[in-house]
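Asker: Questions regarding the structure given below will be posed in turn.
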Amino acid sequence: MKFWKFSSQALATLLSVVTLAQASGPTDGEAAADPNSAVVKLTTATFKTFLDENPLVLAEFFAPWCGYCKLLGPEFSKAADSLNESHPNIKLAQIDCTEEEQLCLEHGIRGYPTLKLARGSEATEDYDGPREADGIVDYMIKQTLPAVQEAATLIAFNELASHETKPYVVQIGSTSETSEIFEKVAKQFRKDHLFLSADKSFVDGLKKKFSGIKNDFKKPTYLVVHPDNDKEPIVFDEELSLEALSEFIKREVVPLFGDINGDTYMTYMASPLPLAYYFYNTKDQRADVAPLFTKLGKEFRGKINFVGLDASLFGKHAETINMNPEITPLFAIHTTSNDKKYGVNQTEFPEGPSQKVIEKFVRDYFADKLSPIIKSQPLPTEEEIASTPVVQLVAHNHDDVVKDVTKDVFVKYYAPWCGHCKKLAPTWEELAELYDSKNADSQVVIANLDHSSNDVTTPVQIEGYPTLLLYPANGEIDEKTGLRTPIVFSDNRELESLIKFIKEKGAHGVDGHELKSRQVEIEEEDEETLVDKVEEVLEEAKEVEHDEL
Ligand SMILES: *[C@@H]1O[C@H](CO)[C@@H](O)[C@H](O)[C@H]1NC(C)=O
Ligand SMILES: *[C@@H]1O[C@H](CO)[C@@H](O)[C@H](O)[C@H]1NC(C)=O
């Protein structure tokens, strides 16, 4: 699940960038709502009481500097004012995380803006609804309706169902016992799906409506209905229990072949299943493959989700699944549970894979016949190796270096765009120099790896950059990866702290301070060598000059 979070963040970022670029109008509103609006400003002191006193609250955790918060601010005010008039029981509130750090920490806020829907202070859920005023208003009003809508007539049933664009869930006939379960499940999913309970009195009408399935609805029946194919709902055919019905719904609300975009990616994110992507350039291309994916979707229901992705909008997402965004259509499968990526070879199929190729690829995937695509930079050249005292890792050599159990191996996992990583770089070089890291005799290896360009599986999840992991010599072996279980460095990233960490946590207990003082002595003794070295460098410089001539 954690890996998924990683890639879903990548997708979320992508999608929101597109949305931002497409959004019209000014993008420089104020993040904090207009003080004259109906938005309530909450603080640590008022937060809990406010939530307990108001039955339904949408709370926005924000930071004044955040771009998306500025985009949302004016819309949030507008929605709050409109609700204050029509539904005064629904409150919109804001928490400024730069002022209420502790409160935001307690609520696990990791990005801005984060929206939470609260029905009392004990029951908060993530809000992933619309972010413009009208959408927020509609969404919030829906939340005040009972979790289950009762329909007493076919007309009432059709009226309620007719507004749905998302799959909805139907109960036909019920006992008090089954109703209770249905109600509980409805409360879990009410945020996203309509739950309709139909009276048995119009069962004949329902039989006609759902003519694609043969069912007499004699027993209490549960259906997931996809509005675009509502003659043929999916029937729940297991023993009724809260868990079983809830799993059924989670599985069946996902379309057999849907599109992934800003509106749907949360649904796919909530699913633990692998995701199979078809990147298309035109609507026709998508239409061509839709029957195939619908067929495969049926066959592999509950094992994988098939999605289309509009490459003209979100094509760059290909990079996060190790495919080339320049060559589309493409087909790839992402096993989110272990972050492995598989794709149809783009060199072989520059015009996109045929349906036959895709189908075979899917079958090979389930027969465990495919190898994942490992993203790796090339091994460093001699020149690159010589350019730094740090041992440079890429996906191809990461495991070899990290598996050397005779050494304390300390790895910095970084990304080129990360500011903290850049700041740490000179310290990391100093550290590598101190332990003479590249020397075969050194007991401590100081290494680094650009994690954005190299797929490696580590026993500890890398969730932010830089992540510093020390694999102690002869450490305990992690079964899943075959690597030693590393110790995470979480102190301040000063040279002194790093040296101390290596001495205390490394199996060899090498004392960097001792090395340091010895180094100074050696440097004083070895003046001649130093002179030699200078000469060597001068010679090299001359050669370079010649080369250039
Ligand atoms: C909210 O509605 C009440 C009642 O209509 C009104 O008195 C109040 O001024 C409104 N608040 C805001 C901030 O618009
Ligand atoms: C893809 O196909 C090309 C051409 O057949 C081949 O050279 C290349 O190694 C293949 N790539 C992978 C990752 O298998």
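Backbone N, Cα and C define each Cβ position, glycine as well.
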Asker: Between the candidate ranges 72-99, 100-127, 520-547, where does TrEMBL place the coiled coil annotation?
Answerer: 520-547
Asker: With reference to TrEMBL, specify which of the listed residues Cys69, Cys418 is paired with Cys421 by a disulfide.
Answerer: Cys418
Asker: If one measures from the C-alpha of Cys66 (disulfide bond) to the C-alpha of Cys421 (disulfide bond), what distance in angstrom results, rounded to a whole number?
Answerer: 22
Asker: Which disulfide-bonded residues of Cys66, Cys418, Cys421 contact ligand 2 in the sense of C-beta under 6 Å?
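Answerer: The ones that qualify number zero, so the answer is none.
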Asker: Enumerate same-chain residues with a sequence separation of six or more from Cys418 (disulfide bond) and a Cβ-Cβ distance below 8 A; give 'none' if the list is empty.
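Answerer: Expected: Tyr465, Pro466.
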Asker: Whole-number Å only: compute the distance from the Cα of Cys69 (disulfide bond) to the Cα of Cys421 (disulfide bond).
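Answerer: Distance (Cα to Cα, whole Å): 27 Å.
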Asker: Using a 10 Å radius around each Cβ and counting other Cβ atoms from all shown chains, which of the disulfide-bonded residues Cys66, Cys69, Cys421 yields the largest count?
Answerer: Cys69
